[in-house]
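Structure first, then comments.
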Amino acid sequence: MASPGRIRNRKPIGTSRSDNYDQDDEDHVNAVYQRPTARSAFEQALDTPKASAAVVGILTALAFALRFYKINHPDQVVFDEVHFGKFASYYILRQYYFDVHPPFAKLLFGLAGWFVGFDGHFSFDNIGDSYTENHVPYVGMRALPAILGSLTIPVVYAIMKETGHSTIVAAFSACIVLFDNAHVAQSRLILLDATLIFFMALTIYSYIRFRKLRYWEFSVEWWSWLIATGFFMACAWGSKVNGILTVLTIGIAVLIDLWDILDIKKGHTLEHFWQHFLARALGLIVVPFIIYLSFFYVHFAVLTYSGPGDSFMSPAFQETLIGNELLMHSQELRYYDVIALKHRDTKVFLHSHPDRYPLQYDDGRISSQGQQVTGYGYEDANNHWQIIPTKALPEAGRGRVVQHEDVIQLLHVNTQTLLLTHDVASPLMPTNQEFTTWPKDDHSRHNDTLFYLDLIDGNAGDTWKSKSGHFRLVHVPTKVSMWTHAKQLPDWAFKQQEINGNKNSVEKSATWYVDEIVSTDSNLDLAEINTPKEPKKLGFFRKFAELQLLMLQHNAGLTASHPYASTPINWPFLISGISFWTENDTQKQIYLIGNAIGWATCVILIAIYVGIISADVVARRRDIEAIPEHIRNRLWNSAGFFFLIWAVHYLPFFLMSRQLFIHHYLPSHLASALLAGSVLSFILSDTINFPISVAGRRTHMRPSEYADLGTKGPIVVGIFAAIMFAMFVFIAPLTYGTPGLDGDAVNSKRLLSSWTLHFAAKNT
Amino acid sequence: MSSEDTSARRRVAKGPGCSGGFMSGSDYDTDPLQYDDHKDGHSKLRPPIGGRVSSGRLHKPYPTPPTSISDFIHQNLEHLPPAIYTLLSCWTRFHKIGLADIVVWDEAHFGKFGSHYLKREFYFDVHPPLGKMLVAFAGLLSGYDGNFEFKSGEKYPDTVPYVAMRVMMATFGVALVPLGWYTAVELGLSPWACHLVALMVLCDVAWLCISRFILLDSMLLFFTFTTVFFLTKFHNQQYQSFSFDWWLWLALTGISIGCVTSVKWVGLFVTAVVGIYTIEDLWDKFGDLRMSTRNQLRHWGARILCLILLPILVYMTFFKLHFLILNHTGPGDAQMSSLFQAHLVGNDFWRNPLEVAYGSKITLKNMGWGGGLLHSHVQTYPSGSTQQQVTCYHYKDDNNHWLVLPRWNGPAYNPNEELRFVKNGDVIRLQHAPTTRSLHSHPIPAPITKLNYEVSCYGNSTVGDVQDHWVIEVVDDIRQGKKESLDRIRSLTTRARLRHEVLGCYLSAANKVLPQWGFKQIEVSCVKENDPDDIHTYWNVESHWNDRLPAGDVKHYKSAFLRDFWHLNVAMMTSNNALVPDPDKDDILASHPTDWPWLRLGLRMCGWGDNQPKYYLLGTPLVWWGGTLSLIVFVALLGIYLVRWQRRYVDMDATGWAHFLYVGKVAFYGWFLHYAPFFIMGRVTYLHHYLPTLYFSVLMSAHVMDHCIFSARWKEKTKRILFGVTAFAIVANFWWFRGMAWGIEGPVNEYWGLQWRKVGFFSVVMEACDDNWSAIRLSF
């Protein structure tokens, strides 16, 4: 439920500043009024457009310099370039691959690679593989994130300027990101984060521009910034799964905004509210969704050939890819065909041999002593089964094709026995039924040999096909599903895999397919099957839905432990980093770690912000209003928005059980830099730039105020920037991976004992 | 009570009634600035000072003492319905309670733990002791001697008065019904809704079923119910703060919290409900500028005293009792520190020779919370060095035995030479007694914590290398103090660390569980960072054998209660978290939290043979579905009201709004806090984890029915018909499913499978179950 305070105040947190325009408080007017020329000389000088442009120019130039410095080093595959470089080459080769992240950023890499003439021949197999030896134009590909990472700096600066902070504060926020070793390391390599962060920053910027136009609602600019927000949001979301958090942030801000518009004291009609609602629905739901879809459209349009991602997809999907094995070899199955069945997950053949189950197992349970049915990993004549009908068949024609939900028997060709299961516990799992076989001439157990064919996603009348026709084999009388698991039977079954009946008849892992048609008595020529076929068509939306679902499942499934994975609580404090790359001979290494000064500053200023806000809430509860209304609004609204971005990009990670890395914190770090600027401004001065929104036709004109940090602003920020730069240079060998460090130097760079650097000298 | 101001509905408010403080009746006094234009309206609505409470049961003056019998009857007529419901609940709970004369489901655990109390043997379990002590108490009262094993599915012998024990457990279940009734009364629900609450509590098959056996759940439910009841009682005393009644109900709430958490840790969730209520309440008072500072402090103090200190005291008292009763050795020893074990009757640690010498045979205990004994066995690592595994293990066997020997390149140990004691800083070699291999480490990543080095057993009694050398670094001695003052290593009390001489890393066991190939034992690795405070690198000598040394004396060893209390709690926590779903094993009884609110499957509680009564834990669908539905309806209603409020429509007066929110919040917070945490927990979850949660959804369904029907503007006749239909449906639903709690006799397939087939999806559930449930069930 909503927090009580928010509703009671009738002026929800983080929303409109328009109340100030409404309530004219005469005393306040005088207090706020201030001439722009009454400010300190520094402030006035820096506030001019020219000075601002100069500052942002210098910052941007520095950003490019730091991100492009020795970008060609190392000329080896570093960390996740293994994945993302590879994906780029798949785009160039147009081979289908599968990844948990949406395709936008990877498409950009593909594009960049194609631009610089990469032909996709290199597959980025291992960290440390040489680019120069393999003639990969990797610098061009690395330039893309470096450019985007550098351009993030002016966007950060612009965000701060647009939210009414003075030039020097904006420079402060920009410096935190500019001199950050983690941001630099992350944007010099073929990784997705720079793209994500750039578009996330642009989303924030656009949304702020949009909000500032709220008295010019439905104007062209208003619409432009709304659509721009949606567009950049889609780009962030399309770059990496985490981008969804940016969408969530904007979503929350919009809900608060709409709640405010709904307030009857604003004097809007319900029609007006619905107009606002629909405009946002269009700009922030429909537009981003279309753009997000279009990334996938391009993705599918580019990847038309069979590739390593085939096996993740459903058979119907695979058949749309040129050269896919299913497409090439899939064929309808007819009764009396002899086939080999394979289990989808463990890749074993359904196998049987004349040996029998032992009478009694080690744990004392008794078996049926029937013929063993096992899973066997290799081709063998004992894997051959014949499909026997249970109904009368026509002599020829379509009637002989096996269909979904047909009841069949499977005849083991070598021993001429029929597959059977019954209510006897299987050798390894007392909960599951034993599978065995029964002589085909003995009809006493006829019912127990009946199975029906349950094609996955099958509809009545679908035919059973080899390779592509994934199915479950469900026993008719007991409803168990033929199943196997990666556990071996003891020596009496030659360590083959156990086959048993799973009582969950719709168990996902009980999926089988026909690997091969050994022989057929139909008049089709087997050779004919192997001629190339045209890929089938599948609707874009079905492809998209399937891929999106798989991405979510696999993302949640990334739970394997990783030596450099860390838990979210460690991130803001920079407890540990990630070793990206090492070179033993020269003792060079790249270690992802942030600028300790910058990160500490952010953490401290976040803590101060939370302290101020809590104190404000508590004080107001006691009717003490310590902070002037307009400054308080800035703290709650602008800084509150930054805090919201930080929290939404950070806190959800605590709930995720997948493996997490410190680079997941980088978007939050950017938000914390914005918040840090805002809090610094609050600390240094009790003045703000106000008002900052564009006044509409009917807005009351308000006396304005100008932020004035005096001379202490530039001094504080100047010193801070110098220290930041010094720290950046100090850690730089770990960020750029050059020069190599001897043991003692490594030890000195290890600011926290938890930084797991390589080549450290032995502790003595 | 919310329908007085009906004329105010659907009117755009300009005056009174538009405020509706969100929390309770008393917080529309903030932000006067924002409310300028409405100020007068608010002050009119402000409830009179002293009568702050406008939610919950309306306060009525106490009646005069009865002067005649008819007076007395008249005054107490309101207690007649709950009395009847209680009698009915006695019948449902006790009916055929002894039908199954076998150990059903988790009786195997909790009966066994009860026996341990009667035999006074120390055991270890993931749950706090109160519930099991009550089981033991029931056993004591009924004359049970504690000598039955409680093997799952076994027939009770004549010496076990299981019926009497079950009856005593079921009594807690009986009490749920009147508690439900009176809670509804205290919440201020209409009589119709009170009847509904009592009926739903009475007629839920799951609550019925779980109360009828020797399990902890009936007590957990009982204390959950009492906590809510006392809280509502306390809420209704708010008009007379610091009166005797006020203190009484506040203190009882605190004691109840202490009890519920002492039964199962799930009780922390209801504690959280009380916590949220209290924080809101205090925040409310904090904004009351008319209240004196002294009173503010008194309010805070009272809460801290009764809701924090008192529950902790209650909780610790039960542990103190636990330690006092269980003073003999038993199966749970190994979970505790060596010092604690030394004090149990029947333990011979104190016989250990005091000081360790070369040639001693020892076991090493990790001193991390819940740490085990250093262990090795002939199985090898499947990866890494593929040498012999070294693990940490809680059970005592010969594979924990290590010989203390001198380093390879020094003089070898000679049994006939003069005794050499092991000193701080000595380099020693630890030889695994059964396999004669030496404890060894090398720069190969450990199997789980890949940043640490692997520890293995290598070589034999004559072959080895310098990687087998470990340096003893004494931390301190619990009895003798700082390491400066001691020279030799003492068994039990000396805390020491083992540093690998070559690699400089420290032997550590940090509760990382190995996969199946390591038999789920704890990983032992060598940690590179030297963190002198890392308790997982601390070891002490537990058992110590050396024929050449004299036996020790018990006076050397003493353990402190607080230390043991903390140790046991951390060990419980660790084991609780270790109950994770096992991917290798298909636990058919486990269920996912999303299955619960819609009752998608039940839980089979016993064997499914034709000749035994069969029990199946499944709720009354109407109660479960109705509860879940009402939660959705409440959230929707709240949303609609808030939006309308933002547009200044007035649906309720302030009192009605406060009441709607108060009851809704108790029910919704309760439900949410009992439900959501199960999604975050990594451990295995079962259907019965939803049973306390269900109570809050029952309250919510009564509240929503009350709000929409019984207290709304319907004709009296309509209300009566709707109530009749609902009540009949609940009872009929219960009757239909009663067999699952009372026991189904005869073969399932004929009598019961057919019956459920009509109900649809239950048939699937029945068939999906299997017969070896007992093998799978570990705990809970």
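A Cβ is built for glycine as well, from the same backbone N, Cα and C atoms used for every other residue.
Going by TrEMBL, these are the annotated features:
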- A:1-25: region 'Disordered' (REGION)
- A:104-123: transmembrane segment (TRANSMEM)
- A:143-160: transmembrane segment (TRANSMEM)
- A:167-184: transmembrane segment (TRANSMEM)
- A:190-208: transmembrane segment (TRANSMEM)
- A:220-239: transmembrane segment (TRANSMEM)
- A:245-262: transmembrane segment (TRANSMEM)
- A:282-305: transmembrane segment (TRANSMEM)
- A:330-390: domain 'MIR' (DOMAIN)
- A:399-456: domain 'MIR' (DOMAIN)
- A:461-517: domain 'MIR' (DOMAIN)
- A:596-619: transmembrane segment (TRANSMEM)
- A:640-661: transmembrane segment (TRANSMEM)
- A:673-694: transmembrane segment (TRANSMEM)
- A:715-736: transmembrane segment (TRANSMEM)
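Taken together, the residues of the domain 'MIR' (A:461-517) have an average pLDDT of 84. Taking pairs at least six residues apart, the transmembrane segment (A:715-736) and the transmembrane segment (A:143-160) share fewer than three Cβ pairs below 8 Å and do not count as touching. Counting Cβ pairs under 8 Å to the transmembrane segment (A:245-262), the top-ranked stretch among A:104-123, A:143-160, A:220-239, A:596-619, A:640-661 is A:640-661.
Taking DSSP states H, G and I as helix and E and B as strand, the domain 'MIR' (A:461-517) has 3 helix, 27 strand, 27 coil.
Non-local neighbours of the transmembrane segment (A:143-160) in the same chain are 55-56, 59-60, 62-64, 67-68, 71, 108-109, 112, 169-171, 173-174, 177-178, 183-184, 186-191, 193-195, 197-198, 201-202, 204-205, 208, 670, 673-674, 677-678; each lies 6+ residues outside the stretch with a CB under 8 Å from one of its CB atoms. Sequence-distant contacts of the transmembrane segment (A:596-619) (same chain, six or more residues past either end, CB-CB distance under 8 Å): 5, 175-176, 179-180, 572-574, 625-627, 632, 635-636, 639-640, 643, 646, 669, 672-673, 675-676, 678-680, 682-683, 720, 723-724, 727, 731, 751.
Mapped onto DSSP classes, the domain 'MIR' (A:399-456) shows 9 helix, 29 strand, 20 coil.
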